[in-house]
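J.: Submitted below is the structure of interest, expressed as structure tokens.
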């Protein structure tokens, strides 16, 4: 046999193709797989590539059979307790066959439900006992009402989603602040105490010497007398922290003192009469209303400014949150000075004559002025007219004062009466008769009222809640009283009189708990500097002074007419108004001057005819209405009445 025959016999025996064996095309994974079993034993005799392909197909089928697709997830989002729990029971036996992750999730849900069912929230207690009063302690409604700021605002429509969300968040913050303030009110370290007498003993009969002997040395040192006979009588003013005292004598003597340590800060004589003195935003600056001009000094007695626009000033009030110094002059002008920039904000002519009775409302910064005709007027720098005019007395008003909440106003007049008014309703609540009338009034932080009648100073308690028949305390000074003022955060009443100054001890007058961020009596120099910068940054503009400060938080819902009027004032013309007629230019000589004027006149006549037609129609409607009313009256008069028998 030759070599070719031997090769053919070998090929037939092995069943291999002779040609193309080395260039055979690879079999794809979808080819040649029909009818093949999954058993690996049946893959014997197949090419290695087909085996690998079948292994891939098996793995893919296994992945498809798994519920999660057989994917390896590195970071999966945790399934929440509300997801994937529909239709599942609490029995652990029914969770067989479920993925491990869902089992763990169900276990967490069961544990959470058990904790919620327990009264103490599932907390582990060392003693093993549960809390009989779980949750935060309840807050009394009275405490919540005490710290309530304002009612809830009516929320806008649904499409104002952003504004609605802002209002909701602000209300939640306000409610949380109200609850926290009411809850921590019990933790205040101090409480106000009052003077209590023995049986059948009036507290007004207890003298200042007895009180000073009974109290401790520090409190007893707060009662003292300054004999200043040469330059009296004296006006006085305490700083907002209650640590510094400012005295101004009628004959030109001015002094500022740290009255607790009895250290004199400065003393000067201005060589002219002094009508009033007032501290500014810090104890390093004060204003003096001298005979002719308004002067500002520092704590060393150096004159900083002489403001000639403010002449003949009689009384002053300082608004600390607005940095405004309000002055009332003998010429009848009420002026406002911004001490932060040194400019006059407003000058109002009250047209009521000499202004020597003045006070401020600490709640809304409105100025109250008393007049000789018995009226009290309320003013703000935004209006040239009085906000409110109240007839309080039959004679002239001698003194006015307002409590710190802005609710009650107390006045005294020439008719020897002292009246208590509710400013919210502008109505009198109480009226008291004083034999000689009260020349000066002052209210403390705790609601005690001091009234000066001649050389006697009387202190009353709860004058607006219950009728008062006798004073709480009384004290006689050496001269006629010219100025009264309670010291903030101290049970001290300062009295300026003709013989100098007297510091009285009045238990229960001062607020025992102070706000360290607002007026801190124990602040350092660094804290004072930081407070001054912060107060200047948070300064309230004079335009925000109103009778009701809560209106500033409301949404202004201006109607179409108001918005249109504001737009006309801003643009200078009416964008919705009728346009002025402009004749169209015509060619071929038809736009001569006479022709243009003729066309303008025709349009004007047409507009005039429309106005006349509308006026005639309105007049006819009025006449028809009058005729209808006459017919109705005639019909009523035609009926017989029971009084017709008395007619002749």
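One-based numbering along the chain as shown.
Cβ from N, Cα, C; glycine included.
What TrEMBL says about a protein is an automatic prediction, not a curated fact.
This is the feature table in TrEMBL:
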type	residues	note
COMPBIAS	35-51	compositional bias 'Basic and acidic residues'
COMPBIAS	53-62	compositional bias 'Basic residues'
COMPBIAS	87-103	compositional bias 'Basic and acidic residues'
COMPBIAS	105-114	compositional bias 'Basic residues'
COMPBIAS	603-634	compositional bias 'Basic and acidic residues'
DOMAIN	471-549	domain 'BING4 C-terminal'
REGION	33-144	region 'Disordered'
REGION	584-648	region 'Disordered'
REPEAT	390-431	repeat 'WD'
J.: Count up the helix, strand and coil residues in the compositional bias 'Basic residues' (105-114) according to DSSP, in that order.
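T.: Per-class counts: 10 helix, 0 strand, 0 coil.
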J.: Checking distant contacts: for the repeat 'WD' (390-431), what same-chain residues at least six beyond its ends satisfy Cβ-Cβ under 8 A?
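T.: Same-chain residues near the repeat 'WD' (390-431) but 6 or more away: 357-364, 368-378, 437-443, 445, 447, 449, 451, 463-464, 467-468.
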J.: Kindly state the mean pLDDT of the repeat 'WD' (390-431) in the predicted structure.
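T.: That stretch averages a pLDDT of 95.
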